[in-house]
Amino acid sequence: MDERLPERAHLVTEQVNPDSARLDRLDSPSLVELFCREDERVVPAVRAAAPAIARAIDLTAAALRGGGRLFYVGAGTSGRLGVLDASECPPTFCTDPEQVQGIIAGGTAALTRSVEGAEDDPEAGAAELAGRALSAADVVVGISAGGTAPYVSGALAYARSLGGVTIFVACVPTNQIPERWDIEIRVPVGPEVLAGSTRLKAGTATKLVLNILSTGAMVRLGKTYGNLMVDVAVSNQKLRDRAVRILTTLTELERTAALALLEASGLRVKVALLMHWSNQDPASCATALEAAGGLLPVALEKLSGR
């Protein structure tokens with residue numbers, strides 16, 4: 001065997017799915033039914049990885065609380081999913097864009113088109129993190145459906161060399177790709193409907209894992225109140241409306257009064273809530289919130305104890 005071209009036939013992500021062997025013969029309703037049936041494998045696979053995902057949430061939240069950052073690193077579909085999840089954190093949780101970052105092999109050009117060979121360079125993955133001043137305070141989540149992308153392994157190895165937390169997300173079992181990293185989130189969903197096309201079930205499973213990881217970490221950081229998005233960045237009309245509805249829900253104010261409260265707070269939902277509940281001015285509420293590490297109940301207790 002040519003060592004320059006490693007054999008991947010043993011990987012479940014590369015295997016042929018016998019249930020879709022007649023894919024090219026199916027009519028459209030049958031195609032839809034087949035895809036739906038295969039996608040039913042995804043949630044159980046993610047649920048089976050729940051203990052590892054929970055540990056990843058806790059380590060990530062601790063790192064972010066201490067001033068560290070979260071980096072997603074991947075190639076192709078895996079990289080795009082990481083960039084997607086990272087890009088949703090600022091509007092959803094009002095995070096600094098530097099706090100959660102997505103890195104894709106081949107750079108931004110690879111978001112819309114394939115960059116040939118980009119995933120095959122382990123040094124490039126490490127160099128990208130070095131260029132972003134990675135430190136031991138940070139968390140790196142390497143995403144590789146088949147578990148073999150050198151770009152991802154290079155990034156994880158660099159993170160480990162600095163003492164940072166390393167998390168690996170893959171859709172192959174450990175008997176195919178052995179464990180190497182601090183946390184291994186394995187979500188094997190079986191062969192794809194279209195053999196080797198990991199943008200399908202593997203991509204769906206990866207998206208679910210990242211959804212849970214980032215949202216769970218933000219919940220731990222106090223970015224929600226109950227299940228409400230109280231740290232939403234009010235950057236457009238849709239989000240302004242959402243912020244007003246959050247205020248009406250939690251304060252029982254009428255919509256007009258809630259909008260006035262939001263504007264008085266500087267479009268900061270948490271500050272607006274503290275203003276309403278404590279009858280304090282915006283600056284005092286913002287100061288209490290900062291002192292409480294962004295935790296709304298703790299900030300309210302500080303204000304109420306004055």
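In case you wondered, yes, glycine gets a Cβ from its N, Cα and C as well.
Per Swiss-Prot, the feature domain 'SIS' maps to 60-223; the stated evidence is sequence analysis.
Its Cβ placed at the centre, E88 (active site, proton donor) has 17 other Cβ atoms within 10 Å. Feature annotation from Swiss-Prot assigns active site, proton donor to E88.
Swiss-Prot lists E119 with the feature active site, giving sequence analysis as the kind of evidence. A sphere of 10 angstroms centred on the C-beta of E119 (active site) encloses 25 other C-beta atoms.
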Distance from E88 (active site, proton donor) back to E119 (active site), taken between C-alpha atoms, in Å: 24
